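Annotated features, as they stand in TrEMBL:
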ACT_SITE  305  active site, proton acceptor
ACT_SITE  392  active site, proton donor
BINDING   127, 128, 129, 275, 276, 277, 278, 279, 280, 561, 562, 563  peptide binding site
BINDING   304, 308, 327  Zn(2+) binding site
DOMAIN    468-608  domain 'Peptidase M1 leukotriene A4 hydrolase/aminopeptidase C-terminal'
Ligand code: BES
Ligand code: ZN
């Protein structure tokens, strides 16, 4: 056994599958998928092959040519990696696995009709990053592996499907297609069912596999962009407006990083329980509805997910230990796109908010400094539990440091060459550093590359941004300590980002009365911008301003984005003398749990179990 990734059973001595063909029958009544997965290897193989599986009931494993059963075993689950599925091959170059997913499959959120906007039809969607693809189909679930795929989704006819792939057909089921599946051909071909077909011809790491099935509608927003969401005209209109700059951003991305290789850049706005701000599924970025603020600030999240089209989806981290290569590079690329489309001030505010976030993470990880490094050791660690801003913001700072050293033109040339050299490959930190040294000669004498990638904390040559608006806001936040409330004329043109930066820079220990004063003036607890609202509510919890606890509860029940759940629940339960807050957290979680995606459920559970 020679593992290549601490989060996968994939064995380096086994061939990596190059194609997966899926048949998926969606059974909304049991929240399960009856499925088959046909894995193709690059050459015939004899002996065992290791696959990842989580919560899958494997009915049989067959030689697809002869339909003869192949010997297999499924280990008991490891708490992080899930089950090790071993199939023994005898000169086979493909394997067919027949299986059913678990109702609590960690990638899937099944929404019953009352949980949707229109309340009449169900909805289901995936979130496979970091290591959840294995809960939808058996695979070598490591970003070191890349596969093309095709998929056939059998769904109720009132619903439609989207995927991180090209849509090729919507058609009637064909007799025989479902006969090997656990649902049987009768259910596959039943009245009222339809089949949606997709292909992904470019090799992708399994974490980029994605689908959503529901009552979907769409609007055109650009020559290669549509925005999809549940078919609610108001949501679609708002989304189409918010993302009107998509084509502009793609062009900026192409100018900076080379051709856009994925043909389409469609967007899907998910229900409020979507656990992330955005997810860069190729051809179809998934987005939280909390980015629809009506002021184009959601464009920043779109810029980020778009930037992954180059950094992350073309060049992928080999394992999660090198996650900074995905997110740090993407944060840098996102800010370059924002700067080009929205101007330098916006980009500087963004960097300032990031800088503040990075410093906060140093506090969070002060007893676990490993996770303040760029390259981390994740043996025995669940990537969902150590998800933080460090790979984003320290990674950004590292690349920004290199840009300052060599100048923008040289760094831009380097970045383009880096992408062209490693596209459709998965690489590690060492490969990046070798390429850096070979292409920016002498860089290692100017910047301590080892300190940056392997050291803990924030290196001394990191940089707080300077811009007049950024500096002014920090100054005003410092003055609040002395009792100075911002004047209306000073904040008249503030948007969400300005408020967010201001609130996040206020001291933690302000009096409850000051919190009430601030809110009486600026109604921050009712802000439609969740970044502002949550930043304010965190201050309220910090100073035990109980008047706002009802709003905290409402927020925790309205959205399932981890970025809000994690700090809010943590603020409620961390520290001493918090009995009332702990009771509140426990009760709210018990009541809201079912509305969260399984990944968010898991993370909140970890927080509560640590402190209660
Ligand atoms: N790929 C990430 C989301 C992710 C990371 C999901 C790790 C699962 C595991 C995505 O690109 C991302 O970074 N989203 C951010 C957006 C923000 C930085 C603009 C988010 O969700 O907050
Ligand atoms: Zn990202």
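Including glycine, each Cβ sits where the backbone N, Cα and C put it.
A TrEMBL annotation is a machine prediction, not a hand-curated record.
Just so it is clear, the model here is predicted, and its values are computed rather than measured.
A map of TrEMBL features onto the structure.
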{"residue": "127", "record": "peptide binding site", "Cβ contacts under 8 Å, 6 or more apart": "107, 109, 210, 274, 275, 276, 279, 286, 597, 599"}
{"residue": "129", "record": "peptide binding site", "Cβ contacts under 8 Å, 6 or more apart": "207, 208, 279"}
{"residue": "278", "record": "peptide binding site", "Cβ contacts under 8 Å, 6 or more apart": "285, 286, 287, 288, 291, 301, 302, 304, 305"}
{"residue": "280", "record": "peptide binding site", "Cβ contacts under 8 Å, 6 or more apart": "208, 304, 305, 306, 308, 309, 312, 313, 330"}
{"residue": "327", "record": "Zn(2+) binding site", "Cβ contacts under 8 Å, 6 or more apart": "312, 391, 392, 395"}
{"residue": "562", "record": "peptide binding site", "Cβ contacts under 8 Å, 6 or more apart": "275, 276, 387, 599, 600, 603"}
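Of the chain residues outside the Zn(2+) site list 304, 308, 327, 278, 280, 305, 307, 311, 312, 326, 329, 330, 331, 333, 334, 392 have their Cβ within 8 Å of the site's Cβ mean position.
Remark: secondary structure over the domain 'Peptidase M1 leukotriene A4 hydrolase/aminopeptidase C-terminal' (468-608) totals 106 helix, 0 strand, 35 coil, with classes taken from DSSP. Only 327, of the recorded positions 129, 305, 327, place a Cβ under 6 Å from an atom of ligand 2. Within the set of binding-site residues 276, 278, 280, 562, 276, 278, 280 have a CB atom less than 6 Å from some atom of ligand 1. The average pLDDT computed for the domain 'Peptidase M1 leukotriene A4 hydrolase/aminopeptidase C-terminal' (468-608) is 96. In three-state terms derived from DSSP, residue 308 (Zn(2+) binding site) belongs to neither a helical nor a strand segment and is classed as coil. Ranking the recorded positions 276, 392 by C-beta neighbours within 10 Å puts 392 at the top. Under the three-state DSSP scheme, residue 327 (Zn(2+) binding site) falls in the helix class.
Under the three-state DSSP scheme, residue 127 (peptide binding site) falls in the coil class.
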